[in-house]
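Contents: one structure, followed by commentary.
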C-alpha cells in the first residue's frame, strides 16, 4: 500500500525572502542594467537612465519578476496618492476658510492657500469674501467635503493624518511584497479570483460602505446644513451612528430599523434612498438621497458580480471558456487565444484598461456639469470649468497611452506563429482596408467641417449674412441631438414613470435652478453653431484614432519595412542608406498622436467654456431675468473662424492679459511663461540633430582651450529624445497656457 501525503488545501502562492533589501544597490545609478551601471561616457547616459528605469521588460525577460516589480510599483503609486490627498486635507485644515465657506457658500469663495509676503507676492491673496484673503481654489474639495458631512477643520486634520498613515502602510506593502513575500506568477494570472475580489471587494464593499456613510453621516448633516443650522450646533458623525433616535427625528422610518428590509417593505426607506432626479434647489447639486440610493444599487450589482467567477469551488464562469465561446459566423476563431494574451502580456492588459479608463474619465467630465454631484458645485464656475478641462485632458492622455501599450504589446509580446484566424489576426490581415477607409473618413470630415466655417467666414467678409450657415439664415440644426435631448426631457412620466424630474436639466423643459442669484443649471439649447463644432470634434477624434491605430496595426511590419518588429518599439529610421524610412516606429505614432489628441481636447474645452458662458452661466434678477456672462453670443459668433479668434480667444483673454497688479497676476505670468515653454518645444521639433552636434563640438573645443572640459563627453540629443522633449514641452506649455487663460477669465467674471 502506498501512503500519499495529503494534498495541501491551500496553494502556496508566495515566495519568501526572494530578493534581499540592499541600499547599496539602490544607491548605484542604473543598477538594473549592465550597460547603464558602468556609468557615463557621454551625456546620453542620463537620458538612457531615465528612459529605462521603469521599463521593466528591459531589465529581465522573466514574467514573474516583471509582474512583481509592477505590483510593488503600484503600492508606491498608492502611497504617493495618499500623501497627495493628505496634503489636500491638511491644507483644508490649516490654511483654508472652509468653516467660513460652509456657513455662506454663495458669497464666500473657497481658498486653501495663503501666500507669504516675501517680495510682495501677497498681492496674490485676493478677497474671497468673509474677510478672508487667499488664492481662490478650483479643485472642488470644499464641495466634496460638505457632501461627505465634514463640518470642521479638526475633522480635516484627522483625515489628513489618517491618509499619512495609509501612505506609510502602502510604502511598507510595496517593500514587503517584493522583498519579503513576493507573489508567484500563478497568483498574478488567476484572473477569476482577481475579478471576484476587485468586483466584490473594491467596487462592491467600497460602494456599500460609501452608501452607509452617506445614509448615516452625510445625509443628516447635510439636512441640517441645508436648513441653515450653524455647523457647530450639528451633532458629530459618531452621534448619528451610535444614536438611532437622532436619525429617526430626521427620517422617521429609521425607527423601524431593519424590519422593512426583511419584510420586503422597502418603500419605507424612500425617505433617504430616493429616486427624484433633478437638482436640490437649495444647493444646486444632485439630491444626496438619490446619490446614496445609487451607491447602494451599484454595491448590490458588484457584490453579485463578484460571485460570478469560478475559483476553488468549481462553480461559476471561467474567463477562458467565455472568451473561447465568443465567436460569430463571420469572425473565424473569435476570441480564442485572447485569454493567453491577456494573462502573459501586461502591455495588452494595460492597453485595454487605459482605453476603458480614459473613456470613462471623459464620461465623468461630461457628467460633472450636467449632473453636478456635490452641493454648491454648480454655481462655482471656476471649479466647473477646471473639473471639465482636467477630466478631458486626463482622458485624452489615457487613451493615447492605450495605443502606446497596444503597440508595445504588438512589438514585444505578440507571437504571430501561434495566432491564426482569431479576431486580432483577422484585423491585422485587413488593416489596409481599415486604415485607408479611416483615412478617407478623416479627409471627408476635415474638408467638410472646416469648409463650412470657411464658407461662413467668406460670406461674413462679403457682407452676405443671409448666405451663411446659422440659426438665422441657412439652418443646419443638429436634429438627432435635439431628438435625444427631447426624449430624455420627456422621460419622467413616459419611459421613467417613477422619476419626478429628468436625469439632467440640460435635456430641456422649462426648469431652471438658481442658487444665490447665480444660475446652477438650465436647459442647454443646441443649434447650427454646435452642429459645426461637433463636426470639428468628429474630425479631430478620427485623425487621432487614425494615427494611433496605424501605429498599432503596422507596429510589427509594413510594406515599407517588412521586418519592423526587429527594430523595436522606438527607432529613428531603418538604418543608414535607406532614405524615407524615418518616423515610422510605433513610438513615433504615439508622438504624432499626442499632437492630435491635444488638438481634439483643445477644441472640446474651448467649445465647453464658451458655450457655458454664453448659454448657461450667469446671474438671475429678482424678476427671474437671466443675464449670461457673454450674453448668448455663441450661436452667432462661433460659426466663423474669425468669431472664435475675436470673440472667444481675444475677447476672453483680456482678463489674463490685464491681470498684472491684481490678485490674478500669477495667471498673467503663467500665461506668459507657458507660452514660452510651448515656443521652446519648437526648437526641439524643428531642428536637426547634426546642427546641435556641430554646435556642441565647437563649445567643447572652447572648453578644451581653457582646460575645463568635462570627463563625460557632451552629445546632442538623439532624434527620439529630441522629439520626446519637444512633445513634452509642447503639451505642458499648451495646457498651462490654457489653464491660465481659463482661470483668470472665469475667476474674474464668474
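Note that the numbers count up from 1, one per residue, in the order the chain is shown.
Using the three backbone atoms N, Cα and C, a Cβ is placed for every residue, glycine included.
Fair warning: this is a prediction, and the values are worked out from it, not measured in the lab.
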Tell me which of 226-248, 249-271, 318-340, 433-455 corresponds to the transmembrane segment entry in Swiss-Prot. 433-455
Looking at 36-59, 108-131, 132-155, 156-179, which one is transmembrane segment according to Swiss-Prot? 156-179
Across all protein chains shown, the one of the binding-site residues 573, 582, 683 with the most other Cβ atoms within 10 Å of its Cβ is 573
Can you grab the distance from residue 683 (chlorophyll a binding site) over to residue 573 ([4Fe-4S] cluster binding site)? Cα atoms, rounded to a whole Å. 21
Tell me, by DSSP, whether residue 582 ([4Fe-4S] cluster binding site) is helix, strand or coil? coil
Once near-sequence residues are set aside, which residues in the chain of residue 692 (phylloquinone binding site), 6 or more away, have Cβ atoms under 8 Å from its Cβ? 716, 717
Quick test of the contact rule: Cβ under 8 Å, at least six residues beyond the ends. What residues does that give for the transmembrane segment (346-369)? 66-67, 70, 377-378, 384, 387-388, 390-392, 394-399, 401-406, 408-409, 412-413, 521, 608, 612
Quickly jot the same-chain residues contacting the transmembrane segment (531-549) by Cβ under 8 Å, restricted to those at least six beyond its ends, or write none. 399-400, 403, 434-435, 438-439, 441-442, 445-446, 448-450, 452-453, 469, 476-478, 481, 589-590, 592-593, 596-597, 599-600, 603-604, 607, 638-639
Which residues of the chain, 6 or more past the ends of the transmembrane segment (385-411), have a CB below 8 A from one of its CBs? 138-140, 341, 345, 347-348, 350-352, 354-355, 357-359, 361-362, 364-366, 368-369, 544, 548-549, 551-552, 555-556, 565, 568-569, 586-587, 589-590, 593-594, 597-598, 600-601, 604-605, 608-609, 612, 735, 738-739, 742-743, 746, 750
Write down the Cα-Cα distance for residue 573 ([4Fe-4S] cluster binding site) and residue 691 (chlorophyll a binding site), rounded and given in Å. 18
